[in-house]
Amino acid sequence: MIESENLNQEEIIKELCLCNGLSYEMVGQEGSDTSKLEMFFLGYPRIVGLSLFPNLTSLTIVAQDIKEISGLEPCLQLKELWIAECCIEKIEGLQECRNLEKLYLYFNKISKIENLEKLIKLKVLWLNHNTIKNIEGLQTLKNLKDLNLAGNLINSIGRCLDSNEQLERLNLSGNQICSFKELTNLTRLPCLKDLCLNDPQYTTNPVCLLCNYSTHVLYHLPCLQRFDTLDVSAKQIKELADTTAMKKIMYYNMRIKTLQRHLKEDLEKLNDQKCKLQKLPEERVKLFSFVKKTLERELAELKGSGKGHSDGSNNSKVTDPETLKSCETVTEEPSLQQKILAKLNALNERVTFWNKKLDEIEAIYHIEVKQKKKSHGLLIPLLLIELETVGNFHFEEGTRSDDWFNFCYELILSRFCAWDFRTYGITGVKVKRIIKVNNRILRLKFEEKFQKFLENEDMHDSESYRRMLECLFYVFDPEVSVKKKHLLQILEKGFKDSETSKLPLKKEAIIVSNSLSISECPRIEFLQQKHKDEKKISLKHELFRHGILLITKVFLGQSVQAHEKESISQSNYPMVNSVFIPRKYLLNSVMGQRNCDCSVRQCKWFVFDHDLVLPEYVVEFEYITMVKAPSLFSVFNNVILEESKKNPEVSVFSKDLKFDDEVIKMEPRIKARPKLISLDDKTILSLAKTSVYSHIVSLNLHGNSLSKLRDLSKLTGLRKLNISFNEFTCLDDVYHLYNLEYLDASHNHVITLEGFRGLMKLKHLDLSWNQLKKSGNEINMLCKHTTSLLTLDIQHNPWQKPATLRLSVIGRLKTLTHLNGVFISEEEATAAMKFIAGTRITQLSLLRHSSTKEERPRILSIWPSAKILTQVSKLGPHLHLSGNCYLKITALNLDGQHLFEITNLEKLENLKWASFSNNNLTKMEGLESCINLEELTLDGNCISKIEGISKMTKLTRLSINNNLLTGWEEHTFDNMLHLHSLSLENNRITSLSGLQKSFTLVELYISNNYIAVNQEMHNLKGLCNLVILDMCGNIIIWNQENYRLFVIFHLPELKALDGIPIEPSETDSAKDLFGGRLTSDMIAERQGHSNFKQMQELNWTSSSIRTVDLIPVDQFRNVCNVNLQNNHLTSFSGLIYLPNVKVLCLNYNHIESIMPRLKPQTHLTSRQLLYQKVPSSGYGQQGISKTNRDIMSSENLPPIMHSLEVLHLGYNGICNLIQLQLNRLRNLKFLFLQGNEISQVEGLDNLVVLQELVVDHNRIRSFNDSAFAKPSSLLALHLEENRLRELGKLQSLVKLEKLFLGYNKIQDITELEKLDVISTLRELTVYGNPICRKMLHRHMLIFRLPNLQMLDGSPVNSDDRAKAEFHLAELQAKKNSLIPVTHSPMDGRSFGQVKTPPIEITNVLLPSGFSHYLGSDVTLTPEVEEFLGATFQDQIECNCLKRNEHTPRNSPV
């Protein structure tokens, strides 16, 4: 046997030598010179003969039938080993190959990475195409650079590669990796440059099928040069991935902030309701406390009657039991004292009763707050998972409008049977919230396995398999409450092995049910057993009242009923997918006579394959019980509020209120004393019933109206002072009472203890029922100036940090024995000391909460970098911080350390990321040395002003939410050139001034502040990078109508507003609503201030204005000149409300009427609509009655703009003056309407003071009867460049002095003769008319208008008049001699004074020259023609010059 093996080995070595060109006979001599051997495709079944090659460095064995690695012990120099495409099942036999650098074991049957610990020089390791399930055994391979694990069964990465920091190339293609979180583990490989997860040669990893796969990898691994065999070294690719990731982070940060805001709003509603509920008990407590203190004063005075002062040694309240007993022994007026004591006892009982009610309300409030937080607490983690998975995990909160919501709702109701829950007092179920979860990762697994079942079955059975899909409730372990973390793990990762229920009989499977009772009753039973000793039934219901259901999609597959005696496991049911148990066989089933058949259908299933149970819906529900749940919004509590005031007899507290009245009316009934407003010497002595100040040791000023304690400095012996129920806001006046031991300042309005000092002997202090807020400041004052204090009461004050107040006070005031009436135990004092010790920044706290990481980890998270870094890598308390170590600290997270101030950070010069959230900080001090800060978080403190950070020029993120901020220092943000996120939510900020230069700002969260004025938005208009703005909860939302559109219009770059993405339709609506709108905000923005009262002129031309909305109008009362030329106004809009406007210029607009026109009537035809717009068209004209109606309606409208005198409406396209409603401008003096489309002068009858009317360049042909029907004050009328042919209807213009008729179509001289009715006319133009071709018009007009001083731009003098008379007389004479006329000639002197008939000349021929200008009906002699021709030529030259000089009139200013 041995000989055959040796013979076989010899043949193998011969084959080895043959394949590598070596001589078998000489191998003993030549073997030492061989460094490389190769064996391909059979002939080498075992590794043998390598001892012959001691210097071998490379060995390649491919496609051999080798089953194990052996025989390599002699190969001490081996550096490269290939054993590929063999049958190797285990990595072994390599321990001696310590110089190995490259190892190729691909295409084998290896299932585990092992025995590589000693190969520390290994650089390349290929284990692809094996059956490896886990990455392990690589910890010692520090030099590994190339690792190929493709084509295996690996589903997780974990931290197994953390030690391989030199790794440059990694191939994990063809595995079962399905989670993005697994890929983030690769971020700890700093040298990784080539990563392959989706190599085309292998099957696809499930993770590669997810959305945003490439983006996720490239963002987390920015140093990659090649990814999935592609070159990704281009800078643009990395920038795109970074930009996408940044947008995702911003988006989810916005959504999380929106959720937090909604939670805060809900909690504020609860708090408001609590305050309303507490109002009645508080009023009762105050009333009884007042009466009680009044009686105590009476009792003290009664005991001290006959004495000059009361016993100052009695510092305890007289209502203490010991005092009451001692008082009973007093013999002086025993009956009165007994009555007082009896009434005091009754009052104490009532105070206790109402205090108990206050405590009950507080308890219910805390229960509801806890429930609200629990309900909201699931949403934020879901959003974080959604961010981490880059949207592959998505959830949606349902509403009644969603079909899937209604489906789930009906499913729950259909599977609830009241019979099953009757024993627990449950009558129904109320669904509060349904969350739909879409986990793409789990869904792919589910669909993949489901598809395999379908493929393995015949087509005929596929439909039956689909019917095996069910929606079932997951059955949680009843003995373990549903923790948020556990539920989130199921939703994100599915039902893993660790999630299987370990129930009796070792039932190992995912348990689901189609019955609510099967899912829930075990939990209810367990909770009842656990708390069976509780006495209150309502409390028992509260244990299980709220619950969570997880609805899953389940593929039951082949399902059989469970056998009674066999445990439910896959081994007992090998051929099935699930096992079910009907309800009647369940051990905990409560069976009995039932009125329904629900139990027949109720089953519990056990599903073996976890991937076939897909979580889809999370349902939050509440059981409806016979005992109603205590709620701040219950009917009972509302009755407390309303009915107690309106109808005490019906109120639920009616008996208590009656009892209160009876107690108040008990004897003795103390008469009210007159209230003191001020204090003087006489009053003090009178109250103390003594004449010597030094004798006064007790002074009771209870129940007055005092706000100051003057003249108390003389009371040097005062030991006891009661100033309760007064009007004090501070206690400055008691600082000099050095002997004071007892001070009662309750029920006042004290807001600060500043000035409260020097009371070293004070032992009892009552500050309850005041307005103290700043716990840190007030505790400091008490600590410094009340060193002997024993009892302190600070209840019922609006403290800023009430949760830690008690520990803070006890820890600082070490002499205290009682706080708020409760004894301070040693344990509580010790806990308080530890608490105070932790409120200071020490070296130990720096070590525990800091990190030295140089770069922020690339993690998709919205949490502050300081929080992330200190969780990833802390320094640890065991280290010692030297001076150099301080400089290494880059991140510091001191959240929730109850700090009162920031100290000891002077050496942290390189600090980049810091967080001090949820502390007691009141100032931003102690950060002066941290000028390299990039992120600073100060949420949840008591800071009132942003200061001291102007030098932090590298700051990129600043968050100061939930503080008391009212503003910031000037120029705080001017130098922050990298600031892109600013969050100032839930503060008291009133202005955004100071943010104008924050040009890099991308996100601004400033919800729930006090911003009220629209102008504040203009401070953000220059921030072109701002894409997310949250202004929710500010006053501007209610002050500004259409607030959302207002902000969108003014900040067009925004992508999201108030947590809601901006839709394109909203942008369009904003432009329609606010585009071209002149508002006070726009004016304030341009002026830089909003003091509009100083404005006298408003000049806003060429700004696309469509409407004017200047509010408040009273602010613009001094504006007298308005110029809005070249805009898009269609009416006067808001200008009509400006009270003192005198000059209004609206040229080049689209004015249709003074007031906005109503929409056209729908019943009008298209032709009628055309006539409304262009009356000259003649289409659709409705007759005179319509015009008359317009005139009547215009005349009946009330006048407006009483101060307006000058109006410019040129070039507006006006065609109808009646629709313009100019009659309402009764005081108008100058009206300019040039360049329009006016065809009729009408609708101006009421303008009785109008002096100048300009209608040049219009379409006027003639004047109708109503044009100038009434006598007018018009002095100048401009009608140039129209279409006038007639000049009638001007007789009412009795005061007209200037008339401009140039460039019309007047061709009949008889029309000019009609002007002689205007005897006042001084200036006239008619050039450019056809009549001007006949030179007779000038002489005729000069002759007929005796007052004319200017004609066609030329002055008219006496010579012109003489020439006119001469030429006209000569013309008349020649006419009489040449032409027979039908009328007798007139006396030449009467030409121009008396209207004469027109000249008629017939049958006269002009051969040439001038005659053609006069028309065919006039013929002149050659002499007359020669004279008139020369004159006409001169006149043409003159008129051309005048026309060039003549332009349309400008507005008088």
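Every residue gets a Cβ built from N, Cα and C, even glycine.
Straight from Swiss-Prot, the features:
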type	residues	note
REPEAT	142-164	repeat 'LRR 4'
REPEAT	224-248	repeat 'LRR 6'
REPEAT	264-287	repeat 'LRR 7'
REGION	302-321	region 'Disordered'
REPEAT	694-715	repeat 'LRR 10'
REPEAT	739-758	repeat 'LRR 12'
REPEAT	786-812	repeat 'LRR 14'
REPEAT	886-908	repeat 'LRR 15'
REPEAT	931-952	repeat 'LRR 17'
REPEAT	1092-1115	repeat 'LRR 21'
REPEAT	1116-1138	repeat 'LRR 22'
REPEAT	1319-1345	repeat 'LRR 29'
REPEAT	1365-1388	repeat 'LRR 30'
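Only residues 6 or more beyond the boundaries of the repeat 'LRR 10' (694-715), in the same chain, are considered here, and those with a CB under 8 A from a CB of the stretch are 290, 293-294, 297, 300, 308-312, 673, 675-681, 684, 687-688, 721-729, 733-734, 736-737, 744. Tertiary proximity for the repeat 'LRR 21' (1092-1115) is limited to same-chain residues at least six positions away from its ends with a CB under 8 Å from its CB atoms, namely 1075-1080, 1083-1084, 1121-1130, 1132-1135, 1137-1139. Through the fold, the repeat 'LRR 4' (142-164) approaches residues 106, 120-136, 170-179, 182-183, 185-186, 188-189, 191, 196, 199, 201-203 of its own chain, all at least 6 residues removed from its boundaries and within a Cβ separation under 8 Å. With DSSP states grouped into helix (H, G, I), strand (E, B) and coil, the repeat 'LRR 12' (739-758) comes out at 0 helix, 3 strand, 17 coil. Within the model, the repeat 'LRR 22' (1116-1138) carries an average pLDDT of 92.
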